[in-house]
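TrEMBL has this to say about the protein:
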| type | residues | note |
| --- | --- | --- |
| BINDING | A:Val76, A:Val77, A:Arg78 | FAD binding site |
| BINDING | A:Cys244, A:Cys249, A:Cys252, A:Cys260 | [2Fe-2S] cluster binding site |
| DOMAIN | A:11-108 | domain 'FAD-binding FR-type' |
Amino acid sequence: MKAVKIKDSEYEIKKGKILKAKMLTTMEKYFEIALPGGESLDHEPGQFVEVSILGIGEAPISISSSPTKRGSFELVVRNAGKLSGALHKLEAGDEVGIRGPFGKGFPVRILEGNDLLFVAAGLGVVPLRSLINFVIDNRRDFGKVNILLGCRTPQNMLFNDELEQWGKRLDVNFNCTVDKADPDWKGNVGLITTLIPGINLEPERTFAVVVGPPIMYKFVIVELLKKQIPERQILVSLERHMKCGLGKCGHCQINNMYCCQDGPVFTYDKIKGIPEAL
Amino acid sequence: MLHNLEQYVVLAKSDFDHFIVALAREQKVFAPVAKDFGQFSFEQVTEGRQVALKYIPTILPPKKYFMPQYETLATFDTSTGQNMEPVVEYEKMVLLGVHTCDLAGIQCLNMVFNERPKDLNYLIRKNKITIIGYECNDYCDKYASCRLVHNHTPNGGYDLFFTDISTDKFIVHVNTLAGEEIIEKANVFEPASEADLKALEKLRTEKRAIFAKNEVPIEHERISELFDKAYSSKVWEELAEKCLACGNCTNVCPSCYCFDVIDEPNLDLKTGKRYRKWDSCQNETFAKVAGGESFREERGARQRHRYYRKFKYPLDKFSRFFCTGCGRCSRTCMAGINLKETLSKLIDEQGMKNPNAGEVKLG
């Protein structure tokens, strides 16, 4: 069979130049990436890109920066597989392939004017940060903002400088907890669910945005429902292996939905009866 | 008269070989060929005697030409950065002798890859393939369930369609200009007569008697309802106990299209290709994420997923069943998981049995 070059292939990659790369913890590495000619990625908070190293492969990675950051975007990658392992070896000046952005992000237009409760556990802060920073950069368009953050130990905490800034702001209520403290830790100890009962909120005008490891959703959602937040105002972002990003390859399918096209952001009322979702 | 006489031609069976030889001189022709152990396979042919017109569904469906098991998506060269060039692999060809179940399978794939974002690799390749269908006058074997999904008679999807109407001739429906061109070039086809069309209609009437009932005791219209009810069925647990998670069922399915994308560097470690290959939702790692979590860890859940991808999800999305009724999954399963048997058990369990709608003969 002959192979012929084609234009407009969905598999075509753009060259992404790594402007900055640094380890955030022993496991997670941060990358700031620019497209050729400073072209905008033009993403919505909560979307993802497919990142390639040709010869190694491609993997879906959440975009961590807000679209309000112009000229470049940010990813945070945990060293967990073949591609992420190879990414960890890259430094500023190196190149990666980028496809996307893909998927349905957080519905920012719908969130405007409402109070927001952000709940991030573990790596969940990485995609959620794209929305949190978007909200902070457009602060007057939103109501009250609560940010709850949980992670295993203080050493696992990502974006320490930024968290400190969020904590200092008067227009944002920030709280965090660790499962296991160390001697220097002065904050809360316990699971993230312990922070929810203490939050003061008006449920009918609050949207809860929850991102974390699969196991965390069930427990957090129970707490949010106790707070009377309507099911359609609870937003989650689901992790699946979105291999192609095009709603074809089947890996990310959740019952009749393709996570890469119908998600990764879903409202709880859309997925609550679906056994494969949570 | 139901059919438009002008769209029909006839071919004397004695001219069949001549037709194949002439066609194969123009372009590559692929058709069912008899293999050992009573199996058949689509392979390249150059003369009529190689073609097995009376065949049970081939080991692999014609999907293998539309969506090859391995397919290069791009070539790359990283010596000066992340340089890649998307490519499509295709070949002009004629597929001859495609049964109505497999025509339906191709129609399913067309819908999937035409849906936005469109898959150019598939769509470009598909347009290079001419399809000549071939009618089944009777059941191929006990595994088929084509009546249930309304695929026992042609529903389009071909350029030409052959029906064996008598001991000495085929009647051919000319459905497209590409088909008409083949007829004209071959110079062995004659216009069909009123009598030929009558013979076709008589055959279709006889087929209505042969395919009188569904292959399982349920109405076509109630399959959707069955799957609405059966999600938590015990039948999935039974399948879990049998299933070896080998993925044979999905490989041989004409409407299964899941794939993996893999990079293959050359020995210089700079150049290479990115290709896709068939993957299977029956593999344990299929729905696994980087963190190690798998979202369909149980074999029963994976089998259920396969059935729902044939009888429920595509119905909601594309308004058609993705089971074509070809029976390949049952024929090939090493553990003896049988589609008709599974459906019958679900029907029994949900109290939806209707003996007037169909009956199950497992042979």
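A Cβ is built for glycine as well, from the same backbone N, Cα and C atoms used for every other residue.
What TrEMBL says about a protein is an automatic prediction, not a curated fact.
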Cβ-centroid neighbours of FAD site A:Val76, A:Val77, A:Arg78, 8 Å, sequence order: A:Leu24, A:Met27, A:Glu28, A:Lys29, A:Tyr30, A:Ile61, A:Leu75, A:Asn79, A:Ser84, A:Leu87, A:Leu123, A:Val126
Residues satisfying Cβ distance under 8 Å from A:Cys244 ([2Fe-2S] cluster binding site), sequence separation of at least 6: A:Glu10, A:His251, A:Cys260
Distance [Cα-Cα, Å, rounded] between A:Arg78 (FAD binding site) and A:Cys249 ([2Fe-2S] cluster binding site): 24
Integer Cα-Cα distance in angstrom, A:Cys249 ([2Fe-2S] cluster binding site) to A:Val76 (FAD binding site): 25
Cβ neighbours within the same chain of A:Val76 (FAD binding site) - under 8 Å, at least six residues apart: A:Leu24, A:Glu28, A:Lys29, A:Tyr30, A:Phe31, A:Ser62, A:Ser64, A:Leu123, A:Val126, A:Leu158
Secondary structure at A:Val77 (FAD binding site), reduced by DSSP to three states: strand
Other CB atoms, at most 10 A from the CB of A:Cys260 ([2Fe-2S] cluster binding site): 27
Structural state census, the domain 'FAD-binding FR-type' (A:11-108) (DSSP three-state): 10 helix, 45 strand, 43 coil
Cβ within 8 Å of the mean position of the Cβ atoms of A:Cys244, A:Cys249, A:Cys252, A:Cys260: remaining residues of the chain near [2Fe-2S] cluster: A:Pro60, A:His241, A:Met242, A:Lys243, A:Gly245, A:Leu246, A:Gly247, A:Lys248, A:Gly250, A:His251, A:Gln253, A:Tyr258, A:Cys259, A:Gln261
Cross-chain proximity of binding-site residues to B (CB under 8 Å), evaluated over A:Val77, A:Arg78, A:Cys244, A:Cys249, A:Cys260: A:Arg78, A:Cys244, A:Cys249
Long-range Cβ environment of A:Cys252 ([2Fe-2S] cluster binding site), under 8 Å and at least 6 residues apart: A:Arg240, A:His241, A:Met242, A:Lys243, A:Tyr258, A:Cys259, A:Cys260, A:Gly263
Helix, strand or coil at A:Cys249 ([2Fe-2S] cluster binding site) [DSSP, three-state]: coil
Binding-site residues compared (A:Val77, A:Cys249) - highest count of Cβ atoms within 10 Å: A:Val77
A:Arg78 (FAD binding site) CB neighbourhood, other CB atoms within 10 A: 20
